[in-house]
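The structure under discussion appears below in the form of structure tokens.
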Amino acid sequence: MASWALSAALLCLGGAFAYSELHSLSLREGSALGQATVPGPPEEEQPVTKDCGIAPLRGAVEGSRIIGGSQADTGAWPWQVSLQVQDGDILMHVCGGALVRDRWVLTAAHCTKEARDPLKWRAVMGTNDLTRSPYHSRNIRITDIIIPPDFIMETFVNDIALFRLKRAVRYNDYIQPICLPFGVFQKLDQNTACFISGWGRTREEGNGTTILQEAKVHFISREVCSSDQGYSGMIPNTSFCAGHENGTFDSCRGDSGGPLMCYLPEHSRYFVMGITSYGHGCGRRHFPGVYSNPSFFQEWMTHYLSQGNINRLFNMDIVLGQVLTALGSVILLGVT
């Protein structure tokens with residue numbers, strides 16, 4: 001986060017900087033590595049799933065705590081995932097992610113630029129320190145990567161993806177799913193407790209960190225974010241801005257795909273309101289982080305989250321790394 005800037009990649013795409021890349025930390029396998037309303041399609045309010053958005057080691061009372069760019073306590077964000085790419089016997093942190101079901105991680109589509117083959121990916125959960133593998137952490141292979149067919153890498157339109165775990169993860173105090181914002185109508189302002197977290201750079205030209213960082217942010221109106229001083233109207237309709245106008249807290253390299261999470265007192269839970277997408281540098285004045293809004297993808301996500309085994313949807317031989325367009329998505333399939 002920048003200024004301390006939470007990291008994500010400066011892949012120079014279309015003049016903007018993506019918040020994901022293979023940062024310099026390499027790990028051996030076994031190591032765990034302005035008021036604004038969130039825009040979204042109209043829908044009827046739905047009951048919130050009970051078993052999500054609760055951090056047992058954090059406590060609901062901390063939902064209003066002000067965090068100013070610091071190391072996260074162990075277990076503070078039990079849905080935080082480190083998505084890592086394997087190169088030989090080395091694992092490297094590339095992007096963050098958010099555990100939303102016991103076999104599904106929500107992240108940013110542009111993260112797949114680093115590796116299209118699902119079998120090169122691992123999801124590390126249950127730890128804040130990527131150099132350690134505590135007993136409660138898990139390292140699970142990825143078997144499928146699902147991307148919207150209308151994702152545009154150059155402009156970050158529809159920058160969202162689902163990674164499917166090879167096996168269901170068992171929840172514990174350090175591993176929990178976060179709630180999806182489907183059917184939640186909430187006007188978010190500077191009094192709403194929203195946070196970002198990740199293992200990215202703590203300043204724009206710095207290195208990634210092995211210890212999970214966290215910071216409190218607030219939503220920034222589209223008018224302010226898209227002004228001539230800022231992004232000049234280039235924010236995708238499926239995205240929004242958050243951070244601080246002066247750049248005090250922001251996401252940066254290595255943070256892509258990580259959650260922007262808000263604590264909603266009426267539900268006593270955390271919700272993933274955004275997925276870290278891109279920004280112009282890290283922590284720069286007038287250029288806050290840009291986040292994909294999961295609410296726009298409710299139908300798309302719900303379809304896949306309800307499926308048991310992706311591979312059974314296709315009556316054909318599955319070839320490693322084959323790209324299929326089906327059921328309204330691009331699916332990168334691996335061998336299970």
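Just so it is clear, glycine is given a Cβ too, placed from its N, Cα and C backbone atoms.
As recorded in Swiss-Prot, the features of this protein are as follows:
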SIGNAL    1-18  signal peptide
TOPO_DOM  19-312  topological domain 'Extracellular'
DOMAIN    66-306  domain 'Peptidase S1'
DISULFID  Cys95-Cys111  disulfide bond
ACT_SITE  His110  active site, charge relay system
ACT_SITE  Asp159  active site, charge relay system
DISULFID  Cys194-Cys262  disulfide bond
CARBOHYD  Asn207  N-linked glycosylation site
DISULFID  Cys225-Cys241  disulfide bond
CARBOHYD  Asn237  N-linked glycosylation site
CARBOHYD  Asn246  N-linked glycosylation site
DISULFID  Cys252-Cys282  disulfide bond
ACT_SITE  Ser256  active site, charge relay system
TRANSMEM  313-333  transmembrane segment
**Report entry** Neighbouring recorded positions, C-alpha within 10 angstroms of Ser256 (active site, charge relay system) - of Cys95, His110, Cys111, Cys194, Cys241, Cys262
**Finding:** Cys95, His110, Cys111
**Report entry** Across the topological domain 'Extracellular' (19-312), average pLDDT on the 0 to 100 scale
**Finding:** 78
Query raised in the report: Of Asn237, Ser256, which of the recorded positions has the most Cβ neighbours inside 10 Å?
Result: Ser256
Query raised in the report: So among the disulfide-bonded residues Cys111, Cys194, Cys225, who's got the most Cβ atoms within 10 Å?
Result: Cys111
Query raised in the report: In the structure shown, with every protein chain counted, which of the disulfide-bonded residues Cys95, Cys241, Cys262 has the densest set of Cβ atoms within 10 angstroms of its Cβ?
Result: Cys95
Query raised in the report: Distance between Cys225 (disulfide bond) and Cys194 (disulfide bond) at the Cα atoms, whole Å?
Result: 18
**Report entry** When distances run from the Cα of Cys194 (disulfide bond) to each of the recorded positions Cys95, Asn237, Cys241, the nearest one
**Finding:** Cys241
Query raised in the report: If you measure His110 (active site, charge relay system) to Cys262 (disulfide bond) at Cα, how many Å is it?
Result: 23
Query raised in the report: Which residues of the same chain, at least 6 positions away in sequence, have a Cβ lying under 8 Å from the Cβ of Asp159 (active site, charge relay system)?
Result: Ala108, Ala109, His110, Phe151, Pro236, Thr238, Ser239, Ile275, Ser277, Tyr278, Ser292
Query raised in the report: Could you tell me the C-alpha distance between Cys241 (disulfide bond) and Cys262 (disulfide bond) in angstrom, no decimals?
Result: 14
